[in-house]
Amino acid sequence: MITVKPGSVVFENVRKTFGAFTAIPDLSLTIEPGTLVTLLGPSGCGKTTTLRMLAGLEHPNSGRILIGGKDVTMLPANERDVSMVFQSYALFPHMSALDNVAYGLQSSGLKKAEAREKAEEGLKLVGLAGMGHRLPAELSGGQQQRVAVARALVLEPQVLLLDEPLSNLDARLRRRVRTDIRELQQRIGFTAVYVTHDQDEALAVSDRIIVMKEGEIAQSGAPRELYEAPASSFIADFMGEANVVPCEVVSQTGDESLVRVGTMEHRVRSRGPRSGSAKLAVRPGAITIGAAGGSGMPGRVLHTAYLGGHIEYEVETEVGTLFIIDHEMNHTQRETSDVTLNFKNRGIALIDA
């Protein structure tokens, strides 16, 4: 039986350089046992370097890395209680799915019969029972990915590392496999550190998302928190599309601020004391569009696009051009027509100017 003892992950003031380039200046983070945490960010943000240091494929210049409370900072990869699922899956093409899964077990000293029995259990765990005889070339991309996950899980690691595991799959298959990964993680309860640059992927699978920028943590939190309450324009724009517009904080009562956007006023939740100039991050779906002359912000439609399930608008306003997604589609506004815009209560965040 496969039993996983999830471990915690701690980075304490970790620094990593490559020659004169500082990839990670000073990183501290904690990942609780049994959670799936995604390192998210654009190319070059340091997420892959962080994962490689956790795996033991790179070593920091300073600081400490702990897995399950044990200092592993300078331990080689083969002495760390982690398993990694690579972007390319790294399956042996001449070996069956069963032999691929059993390979690591046999390499660690388990007898062949025991290794194969446990490998069969691993394949069953990921929904591939009865397919162990197939070669990788006889499996779909999603099935190959599940073989790679099974191979990692049968080693019963404290932490499972996933490096862009869905990047080689088409869009429809990515949705299916990310659901499989999330369901498997919740069912077994292993600790997982997941690296991706895909915001939708991160939102779908994560207990917590750590957004990185230039080797530092830009913001960390639950998926909904990062999407609905971004701390900066970088987070707002990176976690899905957002209109970032200037505003003025008129007054504040508790955790709610009254802001003026152009000639329109709107109440929005805020973090801590606010006054003076600021910015609003407004999701495209948080703007309603109606006929001209109503109460709200006046605008003029520049472009429209019908996409089946919604209509997209670009509307020129006194605070700039706003991108709007209308899912209700009660009335289609024509290009060049005058309209009135209003903000919904959700999908709007007050951020620093």
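Positions of Cβ are set from backbone N, Cα and C atoms, glycine also.
All protein chains included, Gly41 (ATP binding site) registers 27 other Cβ atoms within 10 Å of its own Cβ. The feature ATP binding site is assigned by Swiss-Prot to Gly41, Pro42, Ser43, Gly44, Cys45, Gly46, Lys47, Thr48.
The annotation domain 'ABC transporter' is assigned in Swiss-Prot to 9-239.
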Determine which residues of this chain, when Gly41, Pro42, Ser43, Gly44, Cys45, Gly46, Lys47, Thr48 are set aside, have a Cβ within 8 Å of the centroid of the ATP site's Cβ atoms, and list them as they appear in the sequence. His197, Met212, Lys213
Among Pro42, Gly44, Gly46, the most crowded of the binding-site residues [Cβ within 10 Å]: Gly46
Reading the DSSP string in three states, the entry for Pro42 (ATP binding site) is coil
Note: among binding-site residues Ser43, Thr48, least Cβ-dense neighbourhood at 10 Å is Ser43
